[in-house]
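Following this message is one structure expressed as structure tokens.
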Amino acid sequence: MDESTDELIHPEDFPLPNRSQESLCSQELTSWNITPPLPAVLDQAHHLTASAAPPKSNETQQLVENGWKSVVLFFALAITTFVSALDATSLSVALPVIAREFNASTYQSFWVGISFLLTALVSKPIHSALSAIFRREEILYMCLLYFAVGSIVAGFSKNVDILIAGRALQGFGGGSLEALSEAVVGNITTPTDRYLYMNILSFIWAWSSALGPLIGATFAEHLDWRWIFWINVPLLVIPIVLLPAFRILKPFKLPLRSQISQIDWLGIALFIPSLTLLILAMTFNGNQYQWGSIANVAPLGLGILFLVAFIIREGYALAPIFPYWLFASKTVFASLFGALIHGVAFYTIIFFIPIYFEGAGQLKPVAAAINMLPLSILISVVALITTFVIRHYHRYACFIWVGWFLITLGMGILILLDNKAIMARRLGLQVIGAIGLGILLPALGIPSQAREDGGKTDTTMGDFIFSRQLGAVVGVALGSRIFSNAFSAEVAKLLPLSDRLSSLSDASAAMNFIPLLENLDILADEILGVYERATRAVWISTTLISGLGLISSMFIHELRMLGKDTGKQALQV
């Protein structure tokens with residue numbers, strides 16, 4: 001291939017990423033933005049046909065072949081996104097049913113969700129390191145296998161501990177599915193085109209996540225909650241079969257040893273235990289261990305020590321996970337911080353709204369899922385509209401400001417929910433927060449994609465998605481602790497309880513008791529009020545945290561969206 005042609009296909013002969021995380025970071029939970037690579041291929045083909053020196057026939061044929069491979073690859077990514085989003089939102093509405101079957105404690109019930117989010121997050125540096133060495137399609141394939149095996153383990157679990165283990169295995173693979181997909185498409189599109197096409201798969205993700213609670217509730221109430229996991233397996237067969245056959249990214253050119261030396265292994269070794277220990281400390285509550293006990297203090301102290309060591313290490317690492325230059329731009333830093341807070345708000349409401357409806361509202365899973373529809377549908381619709389408006393006007397800062405205002409206001413409005421609220425009020429109070437969450441879903445990540453510094457797109461995009469998923473873990477972990485402590489404090493006011501209600505003397509049975517609430521005839525209003533006030537405590541804390549996001553949005557300014565950075569791994573021609 002002549003040089004002019006190669007330059008058009010590969011705007012730069014990109015070197016090895018200057019950090020292992022660059023490849024993965026664009027891979028991350030998100031889970032939110034994924035892009036079909038076909039448009040970039042066609043755009044490149046258009047430039048080729050317009051050039052003074054047309055390509056040789058075999059080169060043109062290769063472009064066409066890559067175009068068709070891109071179509072098939074996008075289809076595989078779409079299925080992957082659908083399954084991942086469905087799994088992410090279908091479980092929370094079924095948790096009370098699962099807790100009842102396994103007689104699981106509230107702590108164990110929450111860890112069914114937290115285990116997935118935590119392993120999804122800590123696996124990202126590992127997948128990032130591997131994707132800096134091998135083809136991203138290969139790492140994506142590995143993650144699909146982990147996710148499928150985890151689904152099988154969870155679906156056939158005989159106790160809650162095996163279920164948690166299956167969810168952890170799911171998370172180890174599932175957490176990087178959307179991110180790896182985004183890494184592939186982020187490297188073969190320019191920022192101008194990337195934004196639109198990323199949101200095509202974001203649209204699939206949004207609507208799949210909207211259907212998730214209803215599908216999960218239907219399985220839990222009318223079939224078997226295990227189908228939430230079993231349904232993943234036949235769907236995952238499609239990308240598992242297609243990915244090995246359609247590989248279009250070129251591998252890095254440097255020797256394997258040189259690539260391995262670029263990876264911040266020490267940073268990874270410090271990061272994983274720091275995050276795990278801090279999340280453990282965050283979820284422990286006063287009912288399990290006395291405040292100030294070694295079981296509470298040890299993980300917190302060790303987690304902080306590992307975190308400090310990790311931060312220091314990042315200043316000296318050749319390939320840092322979070323390079324210090326990320327914090328030089330107020331706009332990019334505010335975007336990353338906002339991503340963390342958005343993750344907290346988004347996953348807190350997705351996780352705890354079903355608990356409110358089934359606990360305080362005495363609704364069965366399907367009814368609770370129906371009551372969630374305004375939330376999930378509005379998020380999807382508003383995200384889609386915001387996507388195309390920003391695409392047209394090339395302006396995003398005002399959307400971020402408005403989005404944060406609506407999220408903070410909407411979370412505060414949820415405080416008004418009570419156990420006697422009529423359906424119209426339950427539905428209406430979700431609207432403002434849902435609109436805010438939907439606006440920020442596509443808008444908040446643009447500052448991390450709009451940079452024109454060559455070779456830095458992977459890093460900023462990836463660390464943005466990483467921050468959002470970190471917020472998801474923090475949101476569910478912190479919310480579980482607040483809920484448990486508030487529940488214990490409220491139920492203590494009703495002591496002593498009758499023998500029939502004795503299991504509710506603390507928060508340990510709060511989740512597995514929910515399916516019994518519909519038959520409750522003793523202290524019914526009082527017990528429902530306990531669930532109401534426990535979830536209200538979660539809304540109050542989330543409102544305060546969302547306010548930090550609103551403040552951070554004041555530091556976000558417009559950056560150009562017309563750069564040409566296509567990332568590290570370009571198309572293989």
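Keep in mind that glycine also has a Cβ here, set from the backbone N, Cα and C atoms.
What TrEMBL records for this protein is below:
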type	residues	note
TRANSMEM	71-98	transmembrane segment
DOMAIN	73-561	domain 'Major facilitator superfamily (MFS) profile'
TRANSMEM	110-127	transmembrane segment
TRANSMEM	139-157	transmembrane segment
TRANSMEM	195-215	transmembrane segment
TRANSMEM	227-245	transmembrane segment
TRANSMEM	265-284	transmembrane segment
TRANSMEM	291-312	transmembrane segment
TRANSMEM	332-357	transmembrane segment
TRANSMEM	369-390	transmembrane segment
TRANSMEM	396-417	transmembrane segment
TRANSMEM	429-446	transmembrane segment
TRANSMEM	537-556	transmembrane segment
Averaged across the domain 'Major facilitator superfamily (MFS) profile' (73-561), what pLDDT does the model get? Just tell me the whole number, please.
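Mean pLDDT, the domain 'Major facilitator superfamily (MFS) profile' (73-561): 83.
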State the non-local partners of the transmembrane segment (139-157) in its own chain: residues 6+ outside its ends, Cβ under 8 Å from one of its Cβ atoms.
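Residues 27, 80, 83-84, 87, 127, 130-131, 163, 165-174, 176-177, 180-181, 184, 226-230, 232-233, 236, 239-240, 243-244 contact the transmembrane segment (139-157) from elsewhere in the chain.
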Please work out whether the transmembrane segment (396-417) lies in contact with the transmembrane segment (110-127), by counting C-beta pairs under 8 angstroms that are 6 or more apart in sequence and asking whether there are at least 3.
no
Using a Cβ-Cβ cut-off of under 8 Å, list the residues of the same chain that are 6+ residues beyond the ends of the transmembrane segment (110-127) and lie near it.
20-21, 24-25, 27-29, 91-92, 95, 98, 104, 139, 143, 160, 163-165, 167-176, 179-180, 264, 267-268, 271-272, 275-276, 279, 283, 321, 347, 351, 466, 469-470, 472-473, 476-477, 480, 484, 511
Any chance you could find the range in 265-284, 291-312, 369-390, 537-556 with the most Cβ pairs under 8 Å to the transmembrane segment (71-98)?
369-390
By Cβ distance under 8 Å, which residues at least 6 away from the ends of the transmembrane segment (291-312) in the same chain are close to it?
267, 270-271, 273-278, 280-281, 284
